[in-house]
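Undergrad: According to TrEMBL:
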COMPBIAS  316-325  compositional bias 'Polar residues'
REGION    300-329  region 'Disordered'
REPEAT    101-134  repeat 'TPR'
REPEAT    517-550  repeat 'TPR'
REPEAT    551-584  repeat 'TPR'
REPEAT    585-618  repeat 'TPR'
REPEAT    619-652  repeat 'TPR'
REPEAT    687-720  repeat 'TPR'
Amino acid sequence: METLMVDRVQSSLRLFMYRNALFLCERLCAEFPSELNLQLLATCYLRNNQAYCAYHILKGSKMPQSRYLFAISCFQMNLLREAETALCPANEPNAEVPNGAAGHYLLGLIYRYTGRRTCAVDHFMQALAIDPLLWAAYEELCILGAAEEASECFNDAAAFRVQQQQLSESSSQNLTIGTECQSLPSSMALGSGDTSPRHSKQLHANNTRETLSHPHGTVMVAGHPPIGGPSNISQYYTPPAVTQLSGVAPPPLCRNAQLYLNAIGGDGYTKSNVNAVIQAPRRKFVDEGKLRKVSGRLFSDSGTRRSTRLSGEAAANTNSNASQLGGNGANHFSAKSLGGLSSSSSKTNSAVLRSVTLRRGQSWANENFDEDNTVTTSSMSALADGKCLEQDKMGCGISAHDSRLASGIREFLGLLRTLGEGYRLSCLYRSQEALEVYLRLSQHQFNTGWVLSQVGKAHFELVDYFEADRFFDLARRVSPYTLEGMDIYSTVLYHLEEEMKLSYLAQELISVDRLSPQAWCAMGNCYSLQKDHETAVKNFQRAVHVDSRFAYAHTLCGHEYVALEDFENGIKCYQSALQVDERHYNAWYGLGVVYLRQEKFEFAEHHFRKAFHINPCSSVLMCYLGMALHSLKRDEEALEIMEKAISADKKNPLPMYQKANILSSLERFDEALKELEQLKEYAPRESSVYALMGKIYKRLNVHEKAMFYFGIALDLKPPAADVATIKSAMEKLYLPDELEDTL
């Protein structure tokens, strides 16, 4: 009854029938109270977004899987200290983190959000070392600015680990297969050279330990990448979302183990054995069609450990006249595809690959006996000899299958190398290099919502808003339900002043998912563009309430407070953003702007420099850093950084204007006017450019030109505050001592 109820609960979870799963699982726990069943109940609650229920159910539990599920519930409830304690108990400093890669990933997130960057990086790297395909861990390392080059992370060694993971997964799926050897008499079940009882006992102990540690299932953290990692079945095995817990038998042993032992212990079979196999009368007990369907899966032991143990046991039986037998299903992986294995270890591995188990329901005992279930000793001998050739053919199929597996792993890791390197460069704000990497993708990979959004972000960082708009629009067409990067897209439309498109985008995102922070950020940008800053603040605050770990929502809210000249709340918002992501340069920039406007120039310079260190390619950040340095009377440093800003983005008029302003303050009027003349070509309708030219001509006592440029500045309809300043300067044109330096 318990097994049936567990199966029905897991079936309901697979079919997303969470209410049904909860009801059945509560009945299960009432009838059969155990911590394993409580784990399943907690999983049901987590899937149903009821983390608080899972929290109370599992509080105080000691089993590794219980601690992992409890940590997830704490993480979702933002109880990060309790989550950390669950994964790393204080009274057990050497306790293993549960669920391997997934546990280390979750612990890395906890350390990241509690401001311990070094520990977070360490655990993300451990997670990636255990499971090289855990993209979420590499993504977090990129966000923290600590990721290695993708070629170092997704290399041949990673390919070997992935292959081991796949083989472990295949063997773990076969743990529930019944052992046909147990259905035969002990004298007939194994060949004369079969493995020892000690070997069988070790296999049984390993499988029992793995079964006890097998979890009911894993869950997904809301708003974050999936947190589902390996149990203790294998170091590299990540179980599926829901896995049935049941008693399992050890994997079946190969009958003709002696031939395989000889192959492992020496370089090949003996000639006498080969001739005996070839000359023996062959009885076709299993047709070739069925043989081709036999699964080529390995035992749960890893290749190196198992082959070493077997070769030690087979050493005494190895014929001294053994000669190498070519072909016969040998595995021909290259050293590169197996992470740099030596030739000897490749031979060992290929021999191990020929030890296979059968799929569920396939039994040699059932396939090979006659209908009357009577088998003579001679027919069993012929069966054993005939099996050698059959398994040799099977070995060829296994070799081809594993070759395809290795090729697929290499292709997949090659794709991750390209995507990972592009994302790493993007997180380092080397946007032009990131674009070049993304362009190396195939057409069907490039034309996906995620990649197109990343390309749009890169153009946004390059202040190429038109191209950013184009790629984000393509992303919306390809994947209209994806919200990745839509907060950035709304900011792009804000800068382009595309009011209609921004309004339409906001409404679309709200209709897709009104509980997403991206949707409310788009809505807030829409109101901000309409100068309704109070309503914009409310929308950004809603984005923060939906996901308090969404750093950009905090920053946009801070921008609106600054627009309302509420600097105190603006500073709080920027600081909240930095608590979520200390590399969020927009928040450092926002703080610098606040302190610059408050004339706290030392603080402004510090925060602009922090932002500049994170994003050293931004022309805007360089320009503001130069402005802070100029305010501190460090004009030579300011001019140097302005030159870098101009070189970084020749289309950005702001550093050119600030350079002219600095030159003017240094009374280098000719250089300043030359800079402004060039600037007029980039910003022909910018009133402040003409106002500064008028100011310079006034100081040169060229009153006619000064009046001329002041007039042009007024014609371009500057802001009201600038209008008053320009008119005051025109009225005092002939009173140089009374003209204040307010332009």
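Cβ coordinates come from backbone N, Cα and C, glycine included.
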Undergrad: With DSSP as the yardstick, break the repeat 'TPR' (585-618) down into helix, strand and coil residue counts.
TA: 27 helix, 0 strand, 7 coil
Undergrad: Given a Cβ distance threshold of under 8 angstroms, which distant residues of the chain, six or more beyond its ends, lie next to the repeat 'TPR' (619-652)?
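TA: Contacts of the repeat 'TPR' (619-652) (Cβ under 8 Å, skipping residues fewer than 6 from its ends): 462-463, 585, 589, 592-593, 596, 599, 601-602, 604-605, 608-609, 611-612, 658-659, 661-663, 665-666, 682.
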Undergrad: Sequence-remote contacts (6 or more beyond its ends) of the repeat 'TPR' (687-720), Cβ cut-off under 8 Å?
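TA: Sequence-distant neighbours of the repeat 'TPR' (687-720): 653, 657, 660-661, 664, 669, 672-673, 676, 679-680, 726-727, 729-730, 733-734, 736, 739, 743.
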Undergrad: So what's near the repeat 'TPR' (551-584) in sequence-distant terms, Cβ-Cβ under 8 Å and 6+ beyond its ends?
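TA: Same-chain contacts beyond the flanks: 113, 115, 117, 143-145, 427, 487-488, 491, 517, 520-521, 524-525, 528, 533-534, 536-537, 540-541, 543-544, 590-591, 593-594, 597-598, 614.
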Undergrad: Any residues 6+ beyond the ends of the repeat 'TPR' (585-618) with a Cβ under 8 Å from its own?
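TA: Same-chain contacts beyond the flanks: 145, 429-431, 461, 551-552, 554-555, 558-559, 562, 567, 570-571, 573-575, 577-578, 624-625, 627-629, 631-632, 648.
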